[in-house]
Amino acid sequence: MARLPPGIHFIISFSRDQWYRAFIFILTFLLYASFHLSRKPISIVKGELHRFCTAPNEGEVHFHSQSQKAGDTAPHRLPGNGTDCGWAPFDQDNYQQLLGALDYAFLCAYAVGMYLSGVIGERLPIRYYLTAGMLASGALTALFGLGYFYDIHSFGFYVVTQVVNGLVQTTGWPSVVTCLGNWFGKGRRGLIMGVWNSHTSVGNILGSLIAGFWVSTCWGLSFIVPGAIVAAMGIVCFLFLIEHPKDIACSSTLVKGGRLDHPAPGPGFPGQCHHPLPHFLTSPLTLLHPKAYENGTHRFRLQKQVLTDERSKPLDPEMQCLLLSDGKHSGHQNHVVILPADGGGGMAAISFTGALKIPGVIEFSLCLLFAKLVSYTFLFWLPLYITNVDHLDVRKAGELSTLFDVGGIFGGILAGVISDRLEKRASTCGLMLLLAAPTLYVFSAISKMGLEATVAMLLLCGALVSGPYALITTAVSADLGTHKSLKGNAHALATVTAIIDGTGSVGAALGPLLAGLISPSGWSNVFYMLMFADACALLFLIRLIHKELSCPGLATGDQVPFKEH
């Protein structure tokens, strides 16, 4: 018999469950990356909506620095396009306040909607809820770009579009985090979610490149193309998203007379797992004490006897597919009781006030408020800052700003790895916040010295600013959503995630707004505001850091221990 090709050998070396987990990981990564892809164009287009220039007799357009006011010379007007130095109403002296109001409209709506989204999302099918949100978000993102083609200069039109888009985009985060939490247990959660959370930076990078491609020639397409991508990913979500491992049809595992029989894999059993049970479930049991095993969805109790009342109960479909096989069968008798996770799916969804009582939720929420303030200020204002300070055109500034997101990818993964290794989420966030504040000051000082210094500091700032933000919104939220005080209630994750990210989104709304109000007095003052925000974020973690250092594990908590029945 010929040896299997290496590629086929690689494919069959993974179980069916592992392939599904990888598929869900990649799919949710792409889904939320598309959300961020659609948020980035507004920061790229700002430099085109208001351009500092004059129009001499020979018709050339010259760009000037931030300190020169647009009203110093009379701009040359173009038919239907406001002026050649901007797009009305953003061609006025108060353009920074207007652009800041656009950011605030989107992010304030997002923050308010996030508190409701988690509660609603727990009570609706995730796939339908997320699909509807992505289709609506794609349409609204494209609608903003249609203002260019239909010559719309009403500030109210752009504000309303941003508000509604901010509301519908709240469907994304609780949905994808809940879905990922369903598929992945707590082991190495920091690393897994640190890698997964790089979708934020990947989406920002792609959004910058796509928007930058058209920004100087037809900025309307900078919104329409990302909008079409989000809508297309919404269709992909509807067709392929699997909310929970239990939704995959698997063959029944039957408990008969004290032994668990697993039907032989084959086409005769429609929809079955096609994988035998794990070896520890198919071997004779000689344990002196019962031991529990957990795969993230179910818990398995191995013991010497199976109680009569447990044998007589019909098996719940959610317990019919046992995961992570090692490819071995056994004909020995087995004594296995299969129980759902404590609380199971029968518990009611947690209330908003109940989620706030989980230890650590309030502290991490307030920390994220200030951490996200810093991150989103960079997200919405960095390209314009680079344009003003380094005197680059809009497209090059947008491309250069992606280095901040590249640094954010490494920062999120690094934060996850460190927190997994130390088992101290709050301490990891605190260390990165402590380093971020002086780094921001250095960036503001040396970014005016040349392009090379700007590149290096963008990478470093991206890592330190995005690391805590990424860790709190993913691994920390998942930890708190499965906190031991919940006694296994699986319905809490979306609400906890929404509370934490919703509070963070308040800071995300304030950051760009404050940047728009402060920047006319000088960009240095904007950086002082960001450093103060980092210090506040660190301050809210002091109590949790003290708990972690004195009593490890108390800050974010572990899942409830398996209780005797």
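Numbering starts at 1 and runs along the chain as it is shown here.
Note that Cβ sites are derived from N, Cα and C of the backbone, with glycine treated the same way.
Residues or ranges marked as transmembrane segment by TrEMBL: 20-37 (among others). Within the chain, the transmembrane segment (20-37) has long-range Cβ neighbours (under 8 A, six or more residues past its boundaries) at 14, 130, 134, 137, 169, 172-173, 176, 179-180, 183-184, 192, 196, 198-200, 202-204, 206-207, 210, 226, 229-230, 233, 236-237, 240-242, 245, 248.
Sequence annotations record features per position, and here TrEMBL assigns domain 'Major facilitator superfamily (MFS) profile' to 27-549. On the 0 to 100 pLDDT scale, the model's mean across the domain 'Major facilitator superfamily (MFS) profile' (27-549) is 75.
Residues or ranges marked as transmembrane segment in TrEMBL: 98-116 (among others).
Positions annotated as transmembrane segment by TrEMBL: 128-150 (among others).
Among residues of the same chain six or more beyond the transmembrane segment (156-184), those with a C-beta under 8 A of the stretch's C-beta atoms are 20-21, 24-25, 28, 31-32, 35, 38-39, 42, 101-102, 105-110, 112-114, 116-118, 121-122, 126, 129-130, 132-134, 136-137, 140-141, 143-144, 147, 192-193, 196, 241, 243-245, 296-297, 473-474, 477-478, 481-482, 490, 493-495, 497-498, 501-502. Per TrEMBL, the feature transmembrane segment maps to 156-184 (among others).
Taken from TrEMBL, the feature transmembrane segment applies to 196-215 (among others).
Same-chain residues lying 6 or more positions outside the transmembrane segment (221-242) and placing a CB less than 8 Å from one of its CB atoms are 20, 23-24, 27-28, 30-31, 34-35, 37-38, 40-41, 44-45, 126-128, 130-135, 137-146, 179, 207, 210-215, 248. According to TrEMBL, the transmembrane segment annotation covers 221-242 (among others).
Among the features that TrEMBL reports, transmembrane segment is placed at 361-382 (among others).
Remote same-chain partners of the transmembrane segment (402-419), defined as residues 6 or more beyond its termini with a Cβ less than 8 Å from a stretch Cβ, comprise 189-195, 197-198, 200-202, 204-205, 208-209, 378, 382, 425, 428-429, 432, 455, 458-468, 470-471, 474-475. Annotation comment: TrEMBL describes 402-419 (among others) as transmembrane segment.
As annotated by TrEMBL, transmembrane segment applies to 431-451 (among others).
Summarising the annotation, TrEMBL assigns transmembrane segment to 457-480 (among others).
Remote same-chain partners of the transmembrane segment (492-514), defined as residues 6 or more beyond its termini with a Cβ less than 8 Å from a stretch Cβ, comprise 100-101, 103-104, 106-108, 110-112, 114-119, 121-122, 170, 173-175, 177-178, 181, 349-352, 354-356, 358, 361, 364-366, 368-377, 379-381, 469, 472-473, 476-478, 480-483, 486, 526, 529-530, 533. Residues or ranges marked as transmembrane segment by TrEMBL: 492-514 (among others).
Look at TrEMBL and you will find 526-545 (among others) tagged as transmembrane segment. Beyond the transmembrane segment (526-545), the same-chain residues lying 6 or more positions past its ends with a Cβ under 8 Å from any Cβ of the stretch are 360, 363-364, 366-371, 373-374, 377, 381, 385, 424, 426-427, 429-430, 433-434, 436-438, 440-441, 443-444, 468, 507, 511, 514-515, 518-519, 555.
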Most CB pairs under 8 Å with the transmembrane segment (431-451): which of 128-150, 196-215, 457-480?
457-480
Residues of the same chain, at least six outside the transmembrane segment (128-150), with any C-beta under 8 angstroms of its C-beta?
31, 34-35, 38, 41-42, 87, 120-121, 157-158, 161-162, 164-165, 168-172, 175-176, 218-224, 226-235, 237-238, 241
